[in-house]
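Visitor: If you look up TrEMBL, you'll see 61-274 marked as domain 'Pentraxin (PTX)'. Annotation source TrEMBL lists domain 'GAIN-B' at 444-607. What TrEMBL records for 616-851 is domain 'G-protein coupled receptors family 2 profile 2'. According to TrEMBL, the transmembrane segment annotation covers 619-643, 655-672, 684-709, 721-739, 759-786, 817-845.
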Amino acid sequence: LDWWHADRYCDQRFAQLLFEPPDSEQASFSRLLQSHHIKGSVWLNERDGVLREPRWRRDHVVPVLVFGDKTDTKYVKVLSDFPELPAVTACAHLQWDTRTQEIATIFSYAVPAFINEFQLRGFVDEEGFVRFALIVHGHHSPYLPVFRADGQWHHFCVTWQQENGTWAIYADGKRRASASGLCAAGLSAPQAIYGQGTFIIGQDQDSLGGTFRAKESFSGNITDLHIWQKVLGAEQIEKVRSCWMVEQELVFGWSSNALEVESTVQEVTAQFLCPGPVEECRVFEVGSSGFRYTPCLQSLPFICRYRKDAYWQLKKAQLESSHSLVSRVNALAERSVIPENIFRSHVQDMNLSVALGTLDVLATVLREGETPVESSDLLAVLQLLKQVSDVEVQKGEELKILEQLGQYYVEVTELILEEQNIETWSSVSQVIRGPMAVVELCDRMVSLLAPLLTAGRTKITIQHGNVGLRRVTVKNMWFGYGSLQRCLTGRSSTAAFQDVAASDGGRKYLSTAVGTAVISSTLLSDYQEISTSVRYRLQHRIEVPRQGGLDGNFHVFLCLLLYVSPDAGGMWSTAGCSVVTSLPDSTACFCNHTTNFAVLLQVYEMQRTTKEELTLQTLTFIGCGVSFCALIVTFILFLAVGVPKSERTTVHKNLIFALAAAEALLMFSELAKANQVVCFMVTAFLHLFFMAAFSWMLVEGLLLWSKVVAVNMSEDRRMKFYYVTGWGLPAVIVGVTLATSFNKYVADSHCWLNVQTNVIWAFVGPVLFILAVNTFVLFRVVMVTVSSARRRSKMLTPNSSLENQIGIQIWATAKPVLVLLPVLGLTWVCGVLVHLSIIWAYVFIVLNSLQ
């Protein structure tokens, strides 16, 4: 079989393709195979990753140009206006005429300034390879071999870019040649390919649009020619080769309407089967005991490998079984739809209708619940599910059958996961490492539903009991807590959980349990899986306080990935996942790639009390309370005592108002958490007033600067500028943030900006800028103060001692620093040190709550 069918054959029998034997065993292993009359090459398993079978090969109807014998008359002109091309990619499918070895021109592009402006030529060499050469601005690359002259269809791409004159030639998805410096004239940089030229397929232009010569003409077939105004990458070229269009910067797309075809050139419409990916797989050479790679689609012998414990468990299940469930299914179906012998059964590729009928009967028998599910029955059902998940959906198949098949598949999955079958799962634990194997099968099955998605139907949901499938752009699955909980918290997995838990050295680990359902998420693009980051929230099966619970223990939620493999079952890992927010009833997680997810609840014995956290909260409330009272009293004094009106008092009053409003809201923001609308409003006003407070701190800095450095602006104009900065700027920042990030503005667990998204930078960014400006202002003020203090000291006390003068200068430095640090908001700088130690948290809260 080919590699994929061989791998599938072994997988369906609960085995694996042969792995590479150790060096010391290769010779004896080779002799063993020879004694069983096995010669040549046998397939080997891929240790480094799973090879994806090239499914969904597209077949599309396209116009094919047939150039017969070489003549000076046959040509096809592209009716397209070409712009100037600083970079270019041209791709096509080509069938080369192997009857001649003369040079042939696949295409030529000419402009008045350069007849050989852009051209691709080729010929067949003596060794039977087609060699290509690229011409740009009349400069010629060497002829290099690109594919065999075998009369088959081949795909090619040529790329060139103005920068360094870099060029490349691809054939059948692989880069065959590349270099730089093509068309670089002396020391001058290469020019872009000129626009508004004439593009001819099949002939070399010796004059603009004409003067063809028979010996340089093309002979063969060509289709799917596309030209882009950029260099395509290797992945994009692979997409184009498989007939998936890259629309960006496309200059010319293949179409009969855009071609002027000379009368002797045949134009035929053909159903063209696009090639799949070129994959090469490892083989073991029997006899030579060596290894090599060969195309995966080649048919070769293979060997299925069992672990000994799994093999004997399979044999035991086979011998001890009464086959009651399998017999009942076959009797209802009136034929043998499920083979009784797992080893001897010849597993064939199913079609949709056979799979649908078999699952229908199986679901009926399982639903009745009259026949107990024995070990061999469970294995036979899993073997059938593997077969069904490998069904190849043909184009034009009845989509209703496909959807019904998905429904039966989910139902059978749910029925074999029911709690009464837990002992049966345990009895085959060496063959199937727990029910997570079903998760992998469902993941394979859900990919078959892709044809159901259309422009009019963008979502599919199939559910039965605790198991379901859902497809949008993403394929999602969920497995209810009850389906998997017992199997996921067995002895084998407890050790793994403890390894995860051991990372927190500050507390004594007690236990771990799966706290939520298990979900799976995969993103598909053109039927191929691609990885992307994902954020998800899972509901806890019970409501658990994070700390201070009735048991006095500390509860931690971990976001987990579950890696599923046929051999190892499921393995937990925290790699790439983090907790966003953890509430008593649910946990939100962020993972940097898609796979199977769950949330683990870990219980720790408290070795540190909550006193420190309570102390921090108390200090915050007291500090903000004292500050609020002091600000109110100061504001009243400004109004009542009749302080003379000036820039300074106006700025002070605005800063006092903004800071008082912000601290009052902060003290009572915890009360707003219960109501989502109120919490949103509190967050918006907190953002506004804290931004305003910092803006007025910036104004305080600008005011100081105006006193230290002469500023040519009237007091009236300065005050207008200060009001715009103090209130206008915060209003704009808050307004723009709300307009662009309305749905992700508020954090999940408290009334403040969401720190898990970029929204927090709408506060942190301006604050860092203001602190930087005010730090510079403080430095300048201290310099001026020290300088003036030194001059005053020399004038008033010229004969004072050196120690006295140093003391005066130290006080002249310390006084503005102590006074201006809180006024300019520079105490907030120590916020960056809070994560280092609890001491810095105390320092930060004391300094800023008392600001």
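Think of each number as a place in line: the chain as shown, counted from 1.
Placement of Cβ uses the backbone N, Cα and C atoms for every residue, glycine included.
Those TrEMBL annotations? Automatic predictions, nothing curated.
Computed from a predicted structure; not experimentally measured.
Map these features onto the structure and tell me what's around them.
Guide: Averaged across the domain 'GAIN-B' (444-607), the predicted model reaches a pLDDT of 61.
Beyond the transmembrane segment (684-709), the same-chain residues lying 6 or more positions past its ends with a Cβ under 8 Å from any Cβ of the stretch are 647-648, 651, 654-655, 658-659, 661-662, 665-666, 669, 718, 722, 725-727, 729-731, 733-734, 737-738, 745, 751-753, 762-763, 766-767, 770, 773-774, 777-778, 780-781, 784, 820, 823-825.
Remote same-chain partners of the transmembrane segment (721-739), defined as residues 6 or more beyond its termini with a Cβ less than 8 Å from a stretch Cβ, comprise 647, 650-651, 654, 658, 684, 687-688, 691-692, 695-696, 698-699, 702-703, 713, 745, 759, 762, 766.
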Visitor: Are there residues at least six beyond either end of the transmembrane segment (655-672) with Cβ under 8 Å to its Cβ atoms? List them, or say none.
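Guide: Tertiary neighbours of the transmembrane segment (655-672) are 620-621, 624-625, 627-628, 631-632, 634-635, 638, 678-679, 681-682, 685-686, 689-690, 692-693, 695-697, 699-700, 726, 750-752, 849, 851.
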